[in-house]
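First comes the structure, then the notes that go with it.
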Amino acid sequence: MSDGKRAVESDKVWTTLITNLDYLSGLLTLNHSLVKSGSAYPLVALYTDTFPAEGLVALERRGIPAQRIEYLLPTKGRDYSNDPRFYDCWSKLSPFSLTQYTRVVQLDSDMLVLRNMDELMELELDDGDFAAEQTPGAAIGGSPPKSPTLDDLAVKNPSTRVFAAGHACVCNPLKKPHYPSDWTPENCAFSTQHNDPETAQHTGPDPVTASPLGFMNGGLQVVNPSEALFRQIVKHMEQGAMDMDFADQSLLSDLYRGRWVALPYVYNALKTLRWEGVHGEIWRDEEVKNIHYILAPKPWDEIDAVTGEWTGTEESHRWWVDFNRERKAIEVARGVDDKF
């Protein structure tokens, strides 16, 4: 997927996927927020051939290392015309292939780091090759690994820490008609923590018992890269992409069902959790380490192109706008003043 070389000296990195200019402002402000949080680790922009040259120049001018990866797409895939962003999401599986690093924490570019979370670089995970060997069906004559059944989960697998991520919120608060019918508050893992919000700040809902769906959100993934794991992932993608509603998220939730570390919401704080009637019972502004601006509009879409003023109303979006203004002021002082 890459040339096998490191883009930086560190063997532990944050990465974020960038395929077009639409998310570049998000990436730049994400990087600023990581630096401001005091992170000891660099952010590497994983770009595909669809990312234009002017974007690479913008990264270089700001000293953000970039690493080319191949655009990952199944041979036969699902129609995502209702949510075209999911075509790009397959490439978010690439960190599993980056074996030149010992730890990769993949972040979406529409995130904002509010507090240091370097501890994710030391989080215990299974060795990638060992985890691949323990996947049901993985060693049967090279056949694609099979999705685990409830019976499989009842038998303790020696590998239960393949990767780490936060749960998806399956409440579907916007009532999107193309979302699965079982995406309801009753099936949402976060609903199980409403009566114990203090625990929710430091412990994620159990990936096996908290929700019958066991679904993760791909915005933040903590990964020990492994060629064996990546081969397994690509096989599963080619085998079943037509049935995967949410691309990378569906694949990882299905293939490694119940075998991932569920992080507390604070590491991938989906902005909708803060909404009234969703999961306000557990949300604490002062505890959130990393907010994820899922869905549309993005905060940068609410900045007037002429006046530069923010036109939005959602308070959490204002946090991003403030960080973005701070970033731009620092860049101008350094002689970097482009449209990004």
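Keep in mind that glycine also has a Cβ here, set from the backbone N, Cα and C atoms.
Keep in mind that this is a model prediction, so the values were computed, not measured.
Feature annotation from TrEMBL assigns region 'Disordered' to 189-208. As annotated by TrEMBL, compositional bias 'Polar residues' applies to 189-202.
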Could you give the number of helix, strand and coil residues in the region 'Disordered' (189-208) as assigned by DSSP? 9 helix, 0 strand, 11 coil
What else in the chain is close to the compositional bias 'Polar residues' (189-202), if you only count residues 6 or more beyond its ends and a Cβ gap under 8 Å? 167, 169-171, 210-211, 215, 262, 264-266, 273, 279, 281-282, 284, 287
